[in-house]
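The domain 'ABC transmembrane type-1' annotation in TrEMBL covers 72-277. Marked as transmembrane segment by TrEMBL: 7-31, 67-95, 107-127, 139-159, 180-201, 260-277.
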Amino acid sequence: MKRRVDWFNLINVTLLSLMSLLFIIPFVFLINQSFMSNEGILKYGYTLFPREIAFYSYKYLLVDNVFIYKGLAISVLVTLAGTFFCLLFTCTLAYGLSKKYLPYRGILTVAVLVTMFFSGGLIPSYLLVTNIGLRDSLWALILPGLISPWYMFLMRNFFMDIPQEVEESAQMDGANEIGILIKIIIPMSLPSMATIGLFYAVGHWNSWFSAAIFINTQDKWPLQLILRGMLANLDLAALGKNPAMASEWMKNMPKEGVKAAATLLIALPIVCVYPFIQKYFVKGMMVGSVKG
């Protein structure tokens, strides 16, 4: 008996494979470019396999600039602390707004909703951070974006999907609101929290603009801002406008290779973490998005 060809699955797999290649091939080009010299880049251009392997870019980033490791530690600290506090405050606010008996629940919900569409602007935010004494502090990279309204509403909708009977049974056992949140709601909400936590972590990890505005001390710069400064120094050296770095070796540094290597260094931690939370991520993308 001949097996019937499932054309839908065949076409689906083919299209998904082609889409995967569209994302993978540029990443492979980026890896190869980071291991090529100036001459190799000019001679061969973008290739799937490196023709001439050189480590100038990684030597410049990882050996000749030791302070990059301090920036890495600061970025990890800000990402971990920022993700923790963002999840903590987002979770507590979402839990409160998910309760129909909360006084002024509608007014509070509208107040949070307004901030999704209208922000205070750059100058008021700068003045606020400066006036409360957070200037040149790592807290300036965490506190201003403590709660994302969009993520809060996603989490609130997920909490509203949890059966009311679960909370009522916990209340009959003597649990208060905080106990219900910690022992019941949060364990049942791991897919949602893992997904939102990933988004928060990626946002903190990729952020450099806030540090460029609020952080003056170079020892407190995160990794992204340090890499940006290193690339700027490379441009100045190539133009001969930075005498301290305008050596022949610096002038011959593969600038495009350094950019590729810096991009890989930034993306690598997220790529390594993602597989461990993928099972939560796939489920969490759907939860909380169907109920208003």
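Quick reminder: no glycine exception, Cβ is built from N, Cα and C everywhere.
Long-range Cβ contacts of the transmembrane segment (107-127) within its own chain (Cβ-Cβ under 8 Å, at least 6 residues beyond either end) map to 93, 97, 144, 149-150, 152-153, 213-214. Outside the transmembrane segment (7-31) by six or more residues, the chain places 46-48, 260, 263-264 with a CB less than 8 A from a CB of the stretch.
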